[in-house]
Amino acid sequence: MTKDIMDAVFIKEMAKTTSNLYRLGWDERNGGNITYLLDEKEVVEYLDVKQIIRTIPMDFDGEKLAGKYFLVTGSGKYFKNVEEAPAVNLGVIQVSEDGKAVHLLWGYTDGGLPTSELPAHFMSHIARLSVDPENRVVMHCHATHLLAMTFTHELTEREFTRTLWQMCTECLVVFPEGVGIIPWLVPGTNEIGEATSEKMKENRLIVWPHHGIYGAGKSMDETFGLIETAEKAAEVYTIVMSQGGIKQAITDEQLKALGERFSVEAKAGYLNN
């Protein structure tokens with residue numbers, strides 16, 4: 001007999017994280033989406049994986065993820081409702097062997113579908129797994145101050161990253177590889193998925209100008225914390241600029257010393273010699 005999936009750690013983690021993202025104002029209405037790669041061992045504790053509820057076609061090639069299981073937020077679903085009604089707002093899916101569809105094993109009980117950003121998520125998982133086999137989470141949200149920065153700050157990866165590093169001491173330690181930035185593109189398309197996944201090969205944070213941010217990590221906490229750290233730096237930057245601008249900041253020499261202390265290396269070329 002399988003256990004009650006409502007007791008699964010992965011369901012509780014997803015419910016807690018979506019609630020926090022909504023509480024922070026980063027996922028208004030049905031904004032934002034999360035995909036969580038699950039191990040088959042943890043899935044079979046709660047579900048009979050041979051019992052397919054329905055099969056949902058995909059418009060891109062997911063063959064590299066064939067057979068893998070994911071917990072995915074639903075299309076058009078509000079993060080504020082996940083904790084109260086997980087089975088309506090979430091789904092456990094398995095990628096078909098040919099990579100052209102996903103099998104729904106649990107959830108979306110009102111007939112819902114996985115997030116419309118599934119192509120961007122799956123492409124990002126493929127990219128991250130190619131460089132980090134332990135990657136499990138891809139998270140998208142509309143972090144307020146990071147979003148605002150894309151209207152007022154130079155949109156080059158080096159300068160955007162340097163500003164974030166200079167705003168909070170922990171930033172270099174948390175994301176020494178910096179942030180990636182793609183052009184503005186229509187969401188929910190393969191094009192934006194391809195652009196995001198290409199950046200994901202070198203970065204875990206990808207800025208979508210005038211839209212939001214993508215983060216990737218080994219766990220829900222790590223991924224949330226990654227975005228949270230960058231967003232805090234963006235908030236500090238916003239406050240600093242409203243107070244008259246930067247008069248002093250963490251220097252490049254101090255950033256180098258920070259990296260040495262915590263055994264991280266800033267992305268090559270991002271610090272001045």
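The count begins at 1 with the first shown residue.
Each residue, glycine too, has its Cβ placed from N, Cα and C.
Annotated Zn(2+)-binding residues in Swiss-Prot are HIS140, HIS142, and among HIS210, HIS211 the one listed with them is HIS211.
Each of the binding-site residues HIS140, HIS211 was scored by the other Cβ atoms within 10 Å of its Cβ; the lowest score goes to HIS211.
Taking the C-alpha positions, the distance from HIS140 (Zn(2+) binding site) to GLU117 (active site) comes to 9 Å. Shown in sequence order, GLY31, GLY32, CYS141, ALA143, LEU147, PRO187, TRP208, GLY212, ILE213, TYR214 are the same-chain residues outside HIS140, HIS142, HIS211 whose Cβ sits within 8 Å of the Cβ centre of the Zn(2+) site. In the three-state DSSP scheme, HIS140 (Zn(2+) binding site) is classed as strand. Each residue contributes its Cα atom, and for HIS142 (Zn(2+) binding site) and GLU117 (active site) these two points are 14 Å apart. Here GLU117 (active site) is positioned 13 angstrom away from HIS211 (Zn(2+) binding site), judged by their C-alpha atoms.
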